[in-house]
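Taken from TrEMBL, the feature transmembrane segment covers 31-53, 65-87, 93-114, 126-149, 155-173, 223-244, 285-305.
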């Protein structure tokens, strides 16, 4: 009997199909958003409970790792975005969208989840991904103003509060709970991996559902070119981050964190930012490339994470 080589990827694809074929709207969308938030809270509570204080402190002190990841997110990606902005193969809306996706912060939950699944430096990934989002509230608008010649609008402190409540708070609570939960988390580590994968599937389902609900429309030719560029951009960044980590002499665990944190772009953070930064413009079209890139990165990185895990015998 045939068995799928990568059931996690099949679950992601199934989530994408369900989200697109049966988009969640109205009150159902509100419920899905809250369920996802609760799942993410529990996910980071678990990360905090799994990591010893020594591991967490090691993650905080690893500034060389964090600097490398942030440089990929806010230096290398934007330089590529400048090139994408001026290519002649698509209209100005798609060009603006492709450039904008290179300026947004890294994802948080999927970056850390894939790092965990692959057996990488989770403590370092948590610090780097969270720092990317905190810094992104300031850096992304500045980069948009500098590189895309867009008018600016202030982004409130609510973004900082949301990151702290959804990510840092549960992580710290998990750390505080270790005297009572550490043994349980260690004993059920393999089973708890399903929580990681379940959160990713929720994110994919929501992303494809939102894509269907927005009713965004682009020409077939433009769409093919856009997808091809997103694939090429993702492939390039995966290769560059891996080679950069090895050239700089990082350990295997750190390499995994650099690959999965340094190549991601956040749909959850990018869409609200686009709504503020491009008020009065076709925001749906501007965020469309980001949505495509987000979906592609989840699928590609699910395969890559499983390969890393198999190599380490996890």
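In case you wondered, yes, glycine gets a Cβ from its N, Cα and C as well.
Please treat TrEMBL annotations as automatic predictions, because they have not gone through curation.
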Per the definition of 3+ C-beta pairs under 8 A with sequence separation of 6 or more, do the transmembrane segment (223-244) and the transmembrane segment (285-305) touch?
yes
Cβ pairs under 8 Å with the transmembrane segment (65-87): which stretch of 31-53, 126-149, 285-305 has the most?
126-149
Who are the long-range neighbours of the transmembrane segment (126-149) in its own chain, taking Cβ under 8 Å and residues 6 or more past its ends?
44, 47, 59-60, 62, 65-66, 69-70, 73-74, 78, 81-82, 85, 96, 99-100, 103-108, 111-112, 155, 159-160, 163, 167-168, 171, 257, 261, 264, 266, 269-270, 273, 277
